[in-house]
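So the structure is just underneath, and the comments pick up after that.
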């Protein structure tokens, strides 16, 4: 049979990984797919780099549209990234009747609804395993492996940069800024790390998982996004003493009346497997009503791990490109006509438990004031840790840290409590508030 | 569209779970599959139990062949178990043109080659996600999600009974026999636990994963199988002191000249995620050349977790039953014409590292004798732990435990070393030998 011909748009880290793995494992992949899959054309603005990456025998162009226009190309792989030109090219490829594979989470989280509708209308597939958690086949697990389940929640470490930073902060007791510089030096963080450290990248991925889990359209604009830049070494240490670790989690939950979709630093019990995922590794926990808790772990980024996901998509498309669209797995797991209008809830409606750290004056009555405010709003306390004043290094005896763990509370109520507590004259610094999830 | 009609053979734990989940999540599953999937006929020798399980509206018979003969039935789910009647019924269902879903690892590990060939010839699918690691979609991950990879090794906790027993032995410092009774009382172990505790069940599952990982026929008869019945509480304690945990692992590795396929208690570094999988939970680690290390965790048994896998297979078949067989994923991941004859190596050819515990006379020169034997056979030592004689409780000062960790060694060479050491008059009891894997 004639090989499946693939055109790559962009040959940076993931593109060259895809090219290399496909070449190295060509025999084995063909034995599985039943047909050879070959990258025959590559578009990159840097034609020299592209030529160096693919060697002889592959057509290299600087115009992505030449790949899309090539009638020999069966599948277009978009590895440019971002919402701009990538969106136009993906839509043009679909319009030209090409199947598309993309690793572009930003594009799908923001414009997925439009893109999937176009693909559906044209009868082509848009595959995106590489867009979430790199080499971990989590899209396939959610969309196919757990298809029997009513998914209850998904919580994942889906950004390697921030997990690396948090792991280093905990291991070495260092502050965020110091570790960020180290991460940049090691290549775990980009020169402009904003999308990673502010939680935007994780929110893109959580948005995609949310859509698949519950059969709702992608709604990145409804996601609550909070990064790790304000996290202090002290909170990591206190969390540890209380039996928790702090991870940046992407969380989506099905609750009464809607879906929660949020990214923020989260206290997780140290004994949970996901709390022990260290360094740049990713892991996603999925809770289904039939299967219970499942977890998927692996490398969430990098050249060949991401290529592993891109090629899995190429093989799936190779198998199914001649099949009836009805034989295929729907883009968002549910049939397009069967998407739900379950709303994404505003953050103020989210219910979770909290870790609070208050820097307070070391005076009698402070604890009573603080707990009085919580009680007044019906917020129930799980644990209080009051540091001896002299344990707070370098601050003299006039201040101390008061740590409070609460039971489940509406975020809106907690915001009211925080405003009241912050206004107390005995509260001497901005209160640290970190959400807590038991994940059980 | 007309519902897909499913016939169940056997409605015990997994069968009733499948019925219940399919009913409870009917709306959601239909929204995903694009078509309703209904169990319309059930065969069970205990017709009363079957009727109680499914209620009105489902035809209940005591003759499985009536289900197979029913032209309305599209998919037959075999949940009888064992090699006997189950094999005959699966082959008859295939011959009748039915697709088959089975959770029967014993059947597939032993007769899979014959069954898959029959299905291939008839153009039907035999799906078996539930046969390995219950609700964890590991078959799909290995067969599809990691299809880009040359799989290097797979190592899994794939028997919940033994993992529960080992977790309890470690937690509570109890002996095997005591914990086994407890496990039986709690329903984690069967009245006749032989298949679980002797490693046979894990070997069935490892055999299936081995075939899928490397594209070789299922070869249960070539698997090395060692259970946990001889494991002492002392070894669990010493392993802990050395930074390891003991898990019953099913391991299959691709090495020079062949494939390793083995089940045995294994020391795993305590810091590995899989070492922290406790109780009856399962987890499988897969190492691929592109993706690196990935891990899949969840419930490996039980009514609804296993049903989750059975129903995922039902949905896959519902999608693909009208597709060309070429559009489908091959049973053993590789096209049937492309299976490999890579041999499964005899255990004597396996290379691994070892934990040895020798009960020796507390005399000068014993360590020299023992290490002399190892040196003579070219076995290199990683660590030695000699207990102070008085630390060995209740034995007086005349005996002590000598623990040795070795570097990688051929099993055959280790067998020679063990024979020589065992013959020393200063070695006072059978030597405990446990294999060790770094899994990195």
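Here the Cβ of each residue, glycine as well, is placed from N, Cα and C on the backbone.
Copied from TrEMBL, the annotated features are:
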- B:9, B:10, B:11, B:12, B:13, B:14, B:15, B:16: NADP(+) binding site (BINDING)
- B:105: NADPH binding site (BINDING)
- B:190: L-homoserine binding site (BINDING)
- B:205: active site, proton donor (ACT_SITE)
- B:355-436: domain 'ACT' (DOMAIN)
Compute the centroid of the Cβ atoms of B:9, B:10, B:11, B:12, B:13, B:14, B:15, B:16, then list the same-chain residues not in that set whose Cβ lies within 8 Å of it, in sequence order, for the NADP(+) site.
B:8, B:17, B:18, B:44, B:53, B:79
Please report the Cα separation of residue B:14 (NADP(+) binding site) and residue B:205 (active site, proton donor) in Å, rounded to an integer.
17
Would you list the DSSP helix, strand and coil counts for the residues of the domain 'ACT' (B:355-436)?
26 helix, 29 strand, 27 coil
For residue B:16 (NADP(+) binding site) and residue B:205 (active site, proton donor), what Cα-Cα distance in Å is obtained after rounding to a whole number?
23
Between residue B:15 (NADP(+) binding site) and residue B:105 (NADPH binding site), how far is it from one CA atom to the other, in Å?
16
Near the residue listed as 'NADPH binding site', which of the recorded positions B:10, B:11, B:12, B:13, B:190, B:205 can be found within 10 Å, Cα to Cα?
B:205
Using C-alpha positions only, work out which of the binding-site residues B:9, B:10, B:11, B:190 is nearest to the residue listed as 'active site, proton donor'.
B:190
With every protein chain in view, what's the tally of Cβ atoms within 10 Å of the Cβ of residue B:105 (NADPH binding site), excluding that atom itself?
26
Mean pLDDT for the domain 'ACT' (B:355-436), rounded to an integer?
91
Need the DSSP three-state call for residue B:9 (NADP(+) binding site) to compare against my parser.
strand
Around the Cβ of the residue listed as 'L-homoserine binding site', the count of other Cβ atoms that are within 10 Å:
13
Hey, how far is residue B:9 (NADP(+) binding site) from residue B:190 (L-homoserine binding site), Cα to Cα, in Å?
22
